[in-house]
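According to Swiss-Prot, the protein has these features:
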type	residues	note
BINDING	G68, G69, R90, N195	substrate binding site
SITE	K33	site 'Transition state stabilizer'
SITE	K255	site 'Transition state stabilizer'
Amino acid sequence: MNDTVEKSIERAKVLIESLPYMQEFRHKTIVIKYGGHAMVDEALKKQFALDVILLKQIGINPIIVHGGGPQINNLLDRLDIKPSYVQGMRVTDGETMDVVEMVLVGKVNKEIVGLINHCGGKAVGLSGRDGDLVCAEQLQMNQAQVGDNPPELIDVGRVGQVTKINSHVLETLSQDDFIPIIAPVGVGEDGRAFNINADLVASAIAAELSAEKLILLTDVPGVKNKAGDLLTTLEWQELNGLIEDGTIMGGMIPKVRCCEDAVKGGVAKTYIVDGRVEHAILLEIFTRDGVGTEIY
């Protein structure tokens with residue numbers, strides 16, 4: 001048996017291994033937060049597009065929510081607009097919000113849609129303002145309490161939190177075999193735009209749709225223990241203890257909280273996955289061991 005035949009047999013085995021998962025998840029919704037290095041590396045960008053198209057072709061319903069922080073910062077630098085942060089949160093005034101919406105909706109979203117369509121898929125770009133898809137209000141943040149003084153409210157401008165997801169537009173697009181690509185810009189009651197963390201939008205959409213899975217693509221392998229080993233599965237009830245003892249810290253805390261909210265909202269399973277790994281989405285969905293950290 002020559003090498004070519006052996007390689008073909010291995011490919012066939014991979015397909016057979018994935019068959020039960022294809023059958024299990026057919027007609028199910030999977031929400032994917034697309035961000036990090038996977039959005040800027042050209043090879044990974046194309047692999048992501050092809051992976052999403054494959055999901056749609058085999059009957060799975062993928063919904064994509066994307067980030068774009070580095071692209072926003074690049075344009076702010078070019079316009080000589082100095083960003084300011086409070087407790088790690090970008091303060092978004094009216095001028096900054098214009099840039100955020102311009103980049104997320106007008107550039108990043110269209111590039112993702114264009115790539116998927118170029119690769120043979122049917123993608124449609126949306127922002128949370130379209131069809132009032134993502135309704136929002138201003139995020140409330142408090143300064144740390146000092147002594148007996150009550151904590152003061154911090155004005156972070158047009159930074160929003162999700163109040164409601166109007167899922168009808170997503171359901172309609174999915175039924176017509178389109179892949180929705182969503183920019184995380186929400187709309188307030190007064191019609192103003194709000195900048196919302198993409199993880200939060202993805203989590204809220206997944207919960208509203210009772211999605212089978214929520215996958216957050218990141219630039220780390222997943223949640224690790226204090227020894228640096230990957231924690232492959234976690235129950236959401238374990239998260240508070242891991243945060244309190246310092247196992248989970250920094251930017252990983254809001255990500256696991258998004259997963260917790262999604263599970264409490266009816267999502268079957270959530271995942272924090274290293275988007276730098278080739279075909280990370282397919283490995284998570286269609287292999288026994290998966291990749292990253294599963295939170296359920």
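Just so it is clear, glycine is given a Cβ too, placed from its N, Cα and C backbone atoms.
There are 24 other Cβ atoms within 10 Å of the Cβ belonging to N195 (substrate binding site).
When secondary structure is read from DSSP and collapsed to three states, G69 (substrate binding site) falls in the helix class. Between the recorded positions K33, R90, K255, the minimum number of other C-beta atoms within 10 Å of a residue's C-beta occurs at R90.
G68 (substrate binding site) has a Cβ environment of 24 other Cβ atoms inside 10 Å.
In sequence order, G35 are the residues of the chain that are 6 or more apart from G69 (substrate binding site) and have a CB within less than 8 Å of its CB.
The two recorded residues, N195 (substrate binding site) and K33 (site 'Transition state stabilizer'), have Cα atoms 16 Å apart. Ranking the recorded positions K33, G68, R90 by Cα distance from K255 (site 'Transition state stabilizer') puts K33 first.
Those same-chain residues not listed among G68, G69, R90, N195 yet with C-beta within 8 angstroms of the centroid of the substrate site C-beta atoms are G67, I72, N73, T92, V100, L104.
For the pair G68 (substrate binding site) and K33 (site 'Transition state stabilizer'), the C-alpha distance works out to 11 angstrom. Taken residue by residue with DSSP, K255 (site 'Transition state stabilizer') is part of a helix. Cα of K33 (site 'Transition state stabilizer') to Cα of R90 (substrate binding site): a distance of 20 Å.
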